[in-house]
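Quick look at what Swiss-Prot lists:
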DOMAIN    1-88  domain 'PTS EIIB type-1'
MOD_RES   CYS27  phosphocysteine
ACT_SITE  CYS27  active site, phosphocysteine intermediate
DOMAIN    108-470  domain 'PTS EIIC type-1'
TRANSMEM  110-130  transmembrane segment
TRANSMEM  160-180  transmembrane segment
TRANSMEM  183-203  transmembrane segment
TRANSMEM  234-254  transmembrane segment
TRANSMEM  263-283  transmembrane segment
TRANSMEM  301-321  transmembrane segment
TRANSMEM  326-346  transmembrane segment
TRANSMEM  347-367  transmembrane segment
TRANSMEM  403-423  transmembrane segment
TRANSMEM  443-463  transmembrane segment
Amino acid sequence: MGELNKSARQIVEAVGGAENIAAATHCVTRLRFALIDESKVDQEMLDQIDVVKGSFSTNGQFQVVIGQGTVNKVYAELVKETGIGESTKDEVKKASEKNMNPLQRAVKTLADIFIPILPAIVTAGLLMGINNILTAEGIFFSTKSIVQVYPQWADLANMINLIAGTAFTFLPALIGWSAVKRFGGNPLLGIVLGVMLVHPDLLNAWGYGAAEQSGEIPVWNLFGLEVQKVGYQGQVLPILLASYMLAKIEVFLTKRTPEGIQLLVVAPITLLLTGFASFIIIGPITFAIGNVLTSGLISVFGSFAALGGLLYGGFYSALVITGMHHTFLAVDLQLIGSKLGGTFLWPMLALSNIAQGSAALAMMFIVKDEKQKGLSLTSGISAYLGITEPAIFGVNLRYRFPFIIAMVSSGLAGMYISSQGVLASSVGVGGVPGIFSIMSQYWGAFAIGMAIVLIVPFAGTYAYARFKHK
């Protein structure tokens, strides 16, 4: 524990001293600081500390990569050393917002909404992958699936499919819970709002197109005003805007309603007003906007698939550095909920992560420092499993050329899989296990993309380092 105390003291000194720390907390792998002045950080000193695997600044926070299992111990020593008191993640986020511009605040808001629901979505993606293995034809048998050859497996596959599909079927409820909580309202009302938007009495959003063509869209007649009885399954924008409205109405009413009757007044009025607004105004408008955006994106990638894959696949790692990659989860979910039924963006995310891992692994055979060798190995494996921060910030950005070579490689792989029309039926673990989220008919093309990002970044990084050394 003496070494950890020493490391904590060194970290405090490197980030500008205790007086420069407005708040501090930690996540699974990183210390998160809200610093008063980031220009006071001594980067060179920080990089020399044994427990530090990397550092970066994003969304108004200065984050120091320590590693799972060690970070909580270092944080405990840091609290003792500085006397700042333990801060919650929310407190650090609030303190860090002072350092953000409007765009960063918007990106952070989306990240705060979608990151908490990621475990449910990723789990659903993995289970859908298992269902794909059981039901897809031509994987283990030339023209049949496992359930066709072994019918006794059919009900098991059906149960897995039901469990996997639940998160996407009730996606507005998940988003409603997280969004209302983020906007300062009661998250339970957010769940009710989300479930309301996918109520079984409503026309399923996926059947809207056919119903519109046949002229059979059911409506409510509110004193002459016809309101379509349409659900918003798989939609992101309606629940986001409705959640914001719900939270603001609830906060407004709570401040102005006597405490004794809040239970009878606040929630009923809040849900009624938000519900009417959702079905009459918010839902139809955002549904149309969402369709225009997804149709436009699909059209662009349909016409310029290779170019789109090259750019998105190549620059995704750069988005990770800025923190803007979180915004694309909403786009992925919107694409999955569209007529396309899948996302062409998420497969490139998985390949980008693998590329950064391959470049980091190559550095293990290049660097002389034993600490960096160990970090290159562990961070490379971590990136293969979908966690790229140690590889990007601890290894690749430190030497620059591995990061650039990985970007070029993932751009090439993205160009290839986009030209092949590869789609993921869900989002999952963004690394090697990501293949299970890919629609089975595209496994071959995705495997070639994986081969590119496994081989090219490793070989390119190794060759460049040797050539540069000579």
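Glycine is treated like the rest: Cβ placed from N, Cα and C.
Helix, strand and coil counts from DSSP across the domain 'PTS EIIB type-1' (1-88) read 36 helix, 22 strand, 30 coil.
In this chain, the transmembrane segment (183-203) does not touch the transmembrane segment (403-423); fewer than three CB pairs sit within less than 8 A of each other, excluding pairs fewer than 6 residues apart. Across 110-130, 234-254, 263-283, 347-367, 443-463, stretch 347-367 shows the highest tally of CB pairs under 8 A with the transmembrane segment (301-321).
Its Cβ placed at the centre, CYS27 (phosphocysteine) has 14 other Cβ atoms within 10 Å. Segment contact is absent for the transmembrane segment (326-346) and the transmembrane segment (183-203), given fewer than three CB pairs below 8 angstroms at sequence separation of 6 or more.
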